[in-house]
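Here is the structure we will look at.
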Amino acid sequence: MPRLPLLLLLLPSLARGLGLRDAGRRHPECSPCQQDRCPAPSPCPAPWISARDECGCCARCLGAEGASCGGPVGSRCGPGLVCASRASGTAPEGTGLCVCAQRGAVCGSDGRSYSSICALRLRARHAPRAHHGHLHKARDGPCEFAPVVLMPPRDIHNVTGTQVFLSCEVKAVPTPVITWKKVKHSPEGTEGLEELPGDHVNIAVQVRGGPSDHETTSWILINPLRKEDEGVYHCHAANAIGEAQSHGTVTVLDLNRYKSLYSSVPGDLL
């Protein structure tokens with residue numbers, strides 16, 4: 001048999017095997033597209049990532065990061081996002097939240113930190129004219145910045161023999177080094193800074209991360225409080241980008257003097 005007729009005979013079976021016969025057909029449940037019968041589109045939180053439904057006919061919103069997804073009526077997630085199941089809650093079974101496929105914070109070319117590359121892309125699409133040039137990822141991880149004192153040490157008034165502490169809360173990237181120093185006055189009248197705790201057996205310094213991301217909190221504990229502990233205490237934070245400092249004052253009243261002052265007050269005034 002000539003080759004050409006044989007090839008023509010084999011084409012129908014090849015088409016069935018490769019699924020070419022169904023190519024171009026719509027989903028079995030889809031009717032001919034009539035866009036005038038499409039439901040009124042609801043306002044999309046991110047209209048630039050809208051798409052068509054499964055039948056390729058009616059406009060449909062794609063979920064932005066954090067939007068509900070999945071289930072019979074849930075939206076599809078936008079590009080770069082995946083639908084992750086919820087850990088718990090009252091949400092319908094089979095639904096989830098749109099999360100970025102690439103996890104981790106990033107630093108944008110605008111100097112701002114974004115929770116994910118998807119959040120950065122959303123910002124770039126939302127306000128393209130607000131930035132000189134195209135907003136893009138500058139580096140993985142949050143943007144670096146100099147320390148900022150969020151909660152400075154407060155002034156303290158107390159009597160000798162008690163326990164007191166000063167705290168200092170700082171935010172910075174990378175993590176700063178926090179030190180405590182006390183203003184010292186020499187007999188000649190000059191001022192200097194003494195790094196603590198030094199040789200003081202009644203002073204301890206502690207540092208821990210938190211309470212939030214990129215924050216560090218440090219305490220200086222004085223126990224027992226002595227009259228010579230009175231003065232100004234500086235909280236100093238520094239990293240590779242810069243430094244910041246704040247201070248608090250400790251005022252100490254001698255306990256014996258306090259008792260004598262208290263006992264000298266007439267009874268009718270107490």
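Keep in mind that glycine also has a Cβ here, set from the backbone N, Cα and C atoms.
As recorded in Swiss-Prot:
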type: SIGNAL; residues: 1-17; note: signal peptide
type: DOMAIN; residues: 26-101; note: domain 'IGFBP N-terminal'
type: DISULFID; residues: Cys30-Cys55; note: disulfide bond
type: DISULFID; residues: Cys33-Cys57; note: disulfide bond
type: DISULFID; residues: Cys38-Cys58; note: disulfide bond
type: DISULFID; residues: Cys44-Cys61; note: disulfide bond
type: DISULFID; residues: Cys69-Cys83; note: disulfide bond
type: DISULFID; residues: Cys77-Cys98; note: disulfide bond
type: DOMAIN; residues: 87-145; note: domain 'Kazal-like'
type: DISULFID; residues: Cys107-Cys143; note: disulfide bond
type: DOMAIN; residues: 147-251; note: domain 'Ig-like C2-type'
type: CARBOHYD; residues: Asn158; note: N-linked glycosylation site
type: DISULFID; residues: Cys168-Cys235; note: disulfide bond
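The CA atom of Cys61 (disulfide bond) is located 9 Å away from the CA atom of Cys77 (disulfide bond). When averaged over the domain 'Kazal-like' (87-145), pLDDT in the model lands at 84. Shown in sequence order, Glu54, Cys55, Gly56, Cys57 are the residues of the chain, 6+ apart in sequence, with a C-beta less than 8 angstroms from the C-beta of Cys30 (disulfide bond). Listed in sequence order, Ser113, Tyr114, Lys137, Ala138, Arg139, Asp140, Gly141, Pro142, Cys143, Glu144 are the same-chain residues at least 6 apart in sequence whose CB falls under 8 Å from the CB of Cys107 (disulfide bond). DSSP places the residues of the domain 'Ig-like C2-type' (147-251) in helix, strand and coil in these numbers: 3 helix, 66 strand, 36 coil. By neighbour count, meaning other C-beta atoms within 10 Å, the densest spot among the disulfide-bonded residues Cys33, Cys38, Cys69, Cys98 is Cys98.
Between the CA atoms of Cys77 (disulfide bond) and Cys58 (disulfide bond) there is a gap of 17 Å, rounded to the nearest whole number. Within 10 Å of the C-beta atom of Cys83 (disulfide bond) sit 20 other C-beta atoms, taking all shown protein chains into account. Listed in sequence order, Val149, Met151, Pro152, Pro153, Ile178, Trp180, Thr217, Ser218, Trp219, Cys235, Ala237, Ser246 are the same-chain residues at least 6 apart in sequence whose CB falls under 8 Å from the CB of Cys168 (disulfide bond).
The disulfide-bonded residues recorded for this entry are Cys38, Cys44, Cys83, Cys98, and the Cα of Cys98 lies nearest to that of Asn158 (N-linked glycosylation site). Cα proximity to Cys33 (disulfide bond) (within 10 Å) is found for the following disulfide-bonded residues from Cys44, Cys58, Cys69, Cys83, Cys98: Cys58.
Residue environment of Cys44 (disulfide bond) contains 18 other Cβ atoms, counted within 10 Å of its Cβ in all protein chains. Of the candidate disulfide-bonded residues, Cys44, Cys69, Cys83, Cys98, the one lying closest to Cys58 (disulfide bond) when CA atoms are compared is Cys44.
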